[in-house]
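Q: Would you mind keeping the following structure in view while I ask a few things?
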Amino acid sequence: MSPSVITVETKENFSQNLVINRTTSELSLQGRIRVPGDKSISHRALMLGAIAQGHTQIQGLLLGEDPCSTASCFQAMGADISPLNTELVQVKGIGLGNLQEPVDVLNAGNSGTTIRLMLGLLASHSGRFFTITGDSSLRSRPMSRVVKPLQQMGAEIWGRQGSSLAPLAVQGQNLKPIHYHSPIASAQVKSCILLAGLMTEGKTTVTEPALSRDHSERMLRAFGAELDIDPQTNSVTINGPAQLTGQTVIVPGDISSAAFWLVAGVIVPGSNLVIENVGVNPTRTGILEALAMMGADIERENEREVAGEPVADLRVRSSRLQGCTIAGEIIPRLIDEIPILAVAAVFAEGTTVIKDAAELRVKESDRIAVMAQQLNKMGAQVTELPDGMEITGNTSLVGTDVDSYTDHRIAMSLAIAALNATGTTNIQRAEAAAVSYPNFIPTLQQICS
Ligand code: S3P
């Protein structure tokens, strides 16, 4: 008998239950797998390709729902983007300042990166009017973090609750440069302001309290923008107006997607798994550092640089984990991996404390509350903190009904937790995984067979 049976039940409303039934204790994860393209880099490649002069070719684009939202918004504003049905995507750029006024509301779907980065571009397209919305999760997420600095630059933006919630309406303006001291370490905030600075005459600077992912900086430079980066103060300055020229972008595998297999490999006894072609940009490798702190056996193999981003194959072997404290400057470098890190902590010796991560409460779901509730339903001991979680490790999980709350990272984290639970786990609304990892369930079935 196979050590686990993984099935998908599709309901009448097209929502999917992922059912993971551990039949024996013989499961171990072996082999070599690849994860889909990095979501953050995929969004940026589509956006910069659309607004640059000339042709951009993107290899390895994530074909998930979020990048599809970005592509359809830019297509609605005149960019010529080849259909997102292959990982090789061609973009004919329309040139900076040439986004057309869309005839309908732009829809960013579930994607915070799409709406927040795009707002910087829309706000600086003088004389054009845009409206933008998203799904119910996105319409409840805070937009004031980008609206306020854009307003300081002279942007005109309207929306519910003092322009803090989508749908938003934007009347494009000629903006003025500012030096923005962001209260949060957020790549979406930083990138929004840098994109607004592209067409703004003069120096637009963002300073953040800790370094967030730097894919925008790397890609803007590669497309020809003039950037000054001061690592001492975590400041980036863009010198506008910029000239952007189409490029070839090679998107590495997403470390945020690899994180599910890293934790699976660590917690499932006897595993030895290689995840190939993973982006290991230091602003994203907090998960590797946190798992190393906990005693995980993860090795980098075949380290190389591909189109301006560091890449490696990651070999993970099952390991005994020890609880630890994860807080401070590492948090922005593993913010999306905290749900799966919580799963690792459940199987660690001792207590794990995650702090300084209040941002998790305003992601696709309140990831602190949802992870604590769902893991506790399975028998874990997770206590919510205002800005994180305290997890008492070494508890045995028992399969039960759990819910993703339509959050892709919650759905996938619970699936990995289920691999080490006895009995049957039924994850409701598991189709959410397609936001960032359309092949997650087939890959899970493959490595568990
Ligand atoms: C992202 C930045 C992060 C991250 C999100 C993607 C990006 O959000 O959580 O999934 O591509 O810039 P914040 O910048 O809000 O932390």
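Heads up, the Cβ atoms here are built off N, Cα and C, so glycines get one too.
Please treat TrEMBL annotations as automatic predictions, because they have not gone through curation.
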Q: Lys39, Gly112, Arg141, Arg367, Arg409 show up in TrEMBL as binding phosphoenolpyruvate; which entry in Gln188, Gln232, Gln322 does that record put in the same site?
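A: It is Gln188, as the record lists it for that site.
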Q: How many other Cβ atoms are found within 10 Å of the Cβ atom of Asp336 (active site, proton acceptor), counting all protein chains shown?
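A: Result for Asp336 (active site, proton acceptor): 24 neighbouring Cβ atoms inside 10 Å.
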Q: Looking only at Cβ atoms, how many others are within 10 Å of the one on Arg367 (phosphoenolpyruvate binding site)?
A: 25
Q: State, in Å as a whole number, the widest CA to CA span among the 3-phosphoshikimate-binding residues Lys39, Ser40, Arg44, Ser186, Gln188, Asp336, Lys363 given in the record.
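A: Largest Cα to Cα distance for the 3-phosphoshikimate-binding set is 19 Å.
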Q: Given the binding-site residues Gln188, Lys363, Arg409, which lie within 10 A of Asp336 (active site, proton acceptor) by CA-CA distance?
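A: The binding-site residues passing the 10 Å Cα test are Lys363, Arg409.
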Q: Let me know how many other Cβ atoms fall within 10 Å of the Cβ of Gly112 (phosphoenolpyruvate binding site).
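A: I get 21 for this one.
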